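Okay, so here's the structure we're looking at.
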Amino acid sequence: MLPFRTLLKWSVNRNCCRGFAVSQQNYNSVKKGLVLGVYEKEKEEESLTLTNAGDAVDNAVLGKLRDQLARSGPSLKKGKSRIFYGLHEDFPSIVVVGLGKKSAGVNQHELWNEAKENIRAAVSVGCRQMQDMEIVQVEVDPCGDAQAAAEGAVLGLFEYNEMKKKKKKAVTTHLHGSSEITAWEKGVLYAEGQNLARHLMEAPANYITPTKFAETFEQRLANMGSNVKVFTRSKQWIEEQQMGAFLSVAKGSEEPPVFLEIHYSGSSDASQPPLVFVGKGVTFDSGGISLKPSSGMDAMRGDMGGAATVCSAITTAAKLKLPINIISLAPLCENMPNGRANKPGDVVKAKNGKTIQVDNTDAEGRLLLADALCYAHSFNPRAIVNAATLTGAMDVALGSAAAGVFTNSSWLWTHLQEASVVTGDRVWRMPLFEHYSKQVTESALADLNNIGKYSRSGGACTAAAFLKEFVTAPHWAHLDIAGVMSNKDEVPYLRKGMSGRPTRTLIEFAARLSEDKQTI
């Protein structure tokens with residue numbers, strides 16, 4: 001993948017519902033905090049509007065919460081917070097966070113549910129404030145949507161600090177004042193899935209090699225039950241599958257390639273065609289012989305973001321027990337410039353027999369995906385969805401606002417787009433015109449060229465057109481997630497660093513597909 005951004009950090013925080021992680025005796029003995037929501041006034045003359053949980057707390061303290069909010073300054077704006085001490089005997093510290101307007105909902109211009117996004121952002125602010133005060137047990141107001149509140153808490157507290165001696169205290173979050181435990185737990189699982197992807201992407205490349213990546217999922221899925229199977233395919237298996245494009249990239253590194261295959265059989269109908277996820281898994285991308293600039297190259301430890309998101313998504317689907325069959329495929333290797341590495345102008349053969357002229361060794365992700373997509377067809381899939389940090393051109397086109405989606409199926413696009421509205425992790429449809437296919441199928445030496453004859457124009461589109469040459473399935477989507485790989489401050493409930501996007505959208509997409517009984 002061509003270079004585009006730099007990044008940073010993470011840490012694992014255990015998040016659950018009250019009573020699930022600690023005994024009641026221990027829970028009562030630790031310092032506790034409470035995060036409550038308040039809505040922004042639609043009109044200045046309106047009275048303060050608290051959430052249901054906020055109202056209950058205010059009643060318990062005889063109106064002191066409303067009184068303190070009124071005395072402390074103007075109405076709280078969206079994403080802003082105030083902290084109050086000594087109001088409630090059970091909670092020495094209470095953080096009140098602004099939820100924006102109560103009338104917020106699906107914003108057709110922004111293509112997300114604004115109310116859910118406001119809750120995620122507000123809760124993350126409150127939980128981080130509690131962490132800064134070293135309050136390790138925090139109860140969270142569901143704010144009208146317990147799933148969104150859980151996502152805000154779990155995503156907002158995540159920070160990669162495994163390599164640091166000094167760490168922030170881990171915070172455990174609990175649902176407060178509501179019976180919406182099922183929705184809360186669902187939100188925790190969605191967010192933990194994204195955090196797993198963030199962790200893998202953020203970890204140094206010498207810690208997350210192709211082998212270590214596969215071992216991570218072997219360990220996490222070992223006790224998930226007989227309907228979850230993990231296959232770690234060796235270099236010999238890859239050779240037997242005649243995945244010449246994938247192997248051509250892997251041969252530049254001393255680290256052996258791995259093809260990770262995860263099967264989740266959630267449907268009661270064993271014959272149900274599976275949804276197949278495919279993720280690019282370049283655990284470090286130096287660019288190969290077409291070497292990247294040294295500045296920012298460390299960020300290329302996250303170039304396996306596609307593999308991290310699809311494998312985390314299937315792991316979460318299994319935890320949620322979604323009634324759907326899913327297979328996740330992840331070709332894993334490094335792209336390095338040793339004496340055996342691909343050279344510009346080399347020709348390699350993919351699994352389907354097509355030859356590829358490799359004019360730029362830094363356009364390596366599409367070579368891995370070409371063979372993996374061919375293999376995906378062997379499962380008679382209901383749909384194929386691949387994710388990859390594929391092109392810097394995608395970052396230039398959309399930035400971090402949305403992942404680009406190239407698809408041959410309007411049915412598939414509708415499901416992906418609807419899922420993204422719910423999660424707030426947006427997608428945007430991009431073109432698969434024949435115009436771009438012509439650019440990759442005109443090659444001097446082979447059937448295909450890996451960068452196209454106009455290498456600087458429409459890079460994300462020509463990369464998608466290249467992948468299309470390895471797809472015969474009627475329902476396929478390619479998600480170019482290069483622009484959303486990392487977060488500076490664009491997503492308020494994610495700290496700076498690798499984002500793990502769009503894991504939650506993939507999970508929500510799978511959940512929605514499991515409910516769609518349409519025969520296709």
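One-based numbering along the chain as shown.
Each Cβ is built from the backbone N, Cα and C atoms, and glycine gets one as well.
Between the candidates Arg66, Arg71, Arg82, Arg301, Swiss-Prot assigns the Zn(2+) 3 site shared with Leu200, Met201 to Arg301. Cross-referencing Asp285, Asp298, Asp425 against the Mg(2+) binding annotation in Swiss-Prot, which names Asp362, Glu364, picks out Asp285.
Asp303 is the only one of Asp303, Asp371 that Swiss-Prot places in the substrate site (with Lys280, Asp285, Ser290, Lys292, Asp362). Ranking the binding-site residues Met201, Ser290, Lys292 by Cα distance from Glu364 (Zn(2+) 2 binding site) puts Ser290 first.
When the C-alpha distances from Asp303 (Zn(2+) 2 binding site) to the recorded positions Leu200, Met201, Lys292, Asp362, Arg366 are tabulated, the minimum falls on Met201. Note on proximity: of the binding-site residues Leu200, Met201, Asp285, Arg301, the one nearest Asp362 (substrate binding site) is Asp285, by Cα distance. The most densely surrounded of the binding-site residues Asp303, Glu364, judged by C-beta neighbours within 10 angstroms, is Glu364. Sparsest Cβ environment among the recorded positions Lys280, Lys292, Arg301, Arg366 (other Cβ atoms counted within 10 Å): Lys292.
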